[in-house]
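Here is what TrEMBL records for this protein:
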type: COMPBIAS; residues: 189-204; note: compositional bias 'Basic and acidic residues'
type: DOMAIN; residues: 37-182; note: domain 'YncI copper-binding'
type: REGION; residues: 189-235; note: region 'Disordered'
type: SIGNAL; residues: 1-36; note: signal peptide
Amino acid sequence: MSSTVRHPLPGRPVRVVATALGAAALVVLVPGSAQAHVGMTADSTAAGSHALLTLAVPHGCEGSPTTRISVQVPAGIDDVVPAVNPGWQVRKVEEKLDPPVTADDGDQITSRVAEVVWTARRPLPDGFRDSLSLQVALPAEAAGQQLAFPTLQTCVEGETAWTQVPAAGQDHDDLDHPAPVVLVTAAEPDDHGAAGGSGDHHAGAADADLSTGSGAGAEVTAARPTGTSWTGPAGLALGALGLAAGSAALWSSRRAPARAPRS
């Protein structure tokens, strides 16, 4: 059974600029067409790093509630840990590796998680969104490559296969049902100057909205340095208070009368 994808009303890209007490400006771009797709974000895209991938489910299938989300894990990713969501049951589907893969510590890996399946405890109604996450180890040799995560969205009535991958020179948004894509970037140096391995997220990792990838390389549409606290509403409020206080002090100093010199 075929299904179509709802597209939001056309509009200008949303730009959010946050500046706080001399901190660098943060610009977030969200293309309107990408909002209708099942998209994926990553808190790290560096080769050899562990990345938390978050899949956004923005709508149902032609108005029908979503009952199951199945995500295929690309070959080469042998370390997968799905996150638990209270509204969903999660299941890992494993496959044998022939030949086995040798891990960095010398252990032999004989199987891997090839698919992660989330089943809704109660169908997710159309018009409501939810997020599902999994942690993966990005391959160290995958720098510069796009890793596609074909996703099947099953609904009470019908299903949508988000499995299309752009050909060379084709834009991701030109596809009707694009697969979520992660563009793996170069490995980041650690504190000792060596390339980052498969440890936790690096301090310089960026949150990237990767739902607008293309055959020539995905464009990062939202980025911010990790570890900063100025990107949330509280940070913006504190920044605004600081700027207001500084402006008031400057205004008061200019209005204060000059003191007569002592004789």
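Glycine is treated like the rest: Cβ placed from N, Cα and C.
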What counts of helix, strand and coil residues does DSSP assign across the domain 'YncI copper-binding' (37-182)?
6 helix, 82 strand, 58 coil
For the domain 'YncI copper-binding' (37-182), report the average pLDDT of the model, please.
94
